[in-house]
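Since the structure comes first, as structure tokens, the remarks are kept for the end.
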């Protein structure tokens, strides 16, 4: 029998038929919807006189456009000041009501960012194919699932047929062996990977993360890593199923029960790459070599360790790369050879589908406890990824830690990850952000984004500039997974 990778196994389990042109019809187990990429898809169903093929395979929640202050949320839909944003959230409510799709509406305790809500509800399960009209759907691959983002026309296609046409990708394995040093996290792993292979390194590949450092990561940490596979150029990121995966899923609302659970676990336990499976590309890193990472430029691959300096374009021989560095330095308002620790900040954002889970908040709170946000920081936001994460954090007293330190404690949503809601950067402002993208204008027109882990973001907030979180001593305990 031919040895298979995890991706091979998931593909074979869901391939309905193979076409003459080399593409395949793939069955989709779970479809997650939000307010931005679904309106036209639902309208397409109406115009064609169709209904969703499998209503129970879909769940929905608004996240991109929702406001995050308590006052705005208490005001309901009318409190959404932007007309387009308000219409999109309202339209999602109406579409889900009309078609009978389960939606966690804006003020439902279960509402949150789609890539946080799916796993915590058990709607994401090992062995599934999972799609959503959002590129960071790769997050769900942390569960040994085949998960990727789709466009609006594909959202309609999945609603109507529960299938998609796709071509099989190549296999890439990223192996991270060893033990992470104190103060180094899952976010640092994935930023280091992107720094090594670049934002095109995974093009055309399904990327499996493996190795002892990945196995040691929590499910939250694995979700962080798979979340940013797309920034490494791969549409799909995944981690093999193990006992941590199964323990996380057990007992969640959508998880199988009783005999169905036992049968599911038996299948899930096979969702690992065979020992002699072939990977088209293998990338290796040593965990011990990874330090806390900070992005300095306008692409996720423009990332350095905290103890390094911003690059000098004059030292770059490749003219294309030299021009890219020069443009990034100009946009970011930085100078060649500037120490990363000399980058001063205006705002701090802890949240997003990358880093807004309970372990992320615990890690940031461990650093913030007993400290104060620096007087030079205009705003430091903490935005939980869901209402359930928020409730758990409050039960643990994390909200009080943040509030005492001078952070703002918000309601769940995508928030400052992207400029589609009231939480935005002003032009020229530097932000330490736990999100996943640092393109020009991503967090607001002219805004300057630096990608970091939650612990590094909290350390920057209390310092006013980037610092090595490892130098803050025992406060860094427990930050490894985030």
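The backbone N, Cα and C atoms fix where each Cβ goes, and this holds for glycine too.
Swiss-Prot annotates 414, 417 as [4Fe-4S] cluster-binding residues; of 226, 353, the candidate listed for that same site is 353. Matching 20-39, 40-59, 60-79 against Swiss-Prot, the residues noted as region 'Disordered' span 60-79. In the three-state DSSP classification, residue 353 ([4Fe-4S] cluster binding site) falls within coil. Using a Cβ-Cβ cut-off under 8 Å and counting only residues 6 or more beyond its ends in the same chain, the region 'Disordered' (60-79) has close neighbours at 32-36, 38, 85-86, 88-90, 92-93, 96, 101-108, 110-114, 117, 381, 383, 410-415, 418, 420-423. Annotated [4Fe-4S] cluster site 353, 414, 417; additional same-chain residues within 8 Å of its Cβ mean position, judged by their own Cβ, are 63, 64, 113, 136, 351, 352, 354, 356, 413, 415, 418, 435, 436. Comparing the binding-site residues 353, 414, 417 on other C-beta atoms within 10 angstroms of each C-beta gives the minimum for 353.
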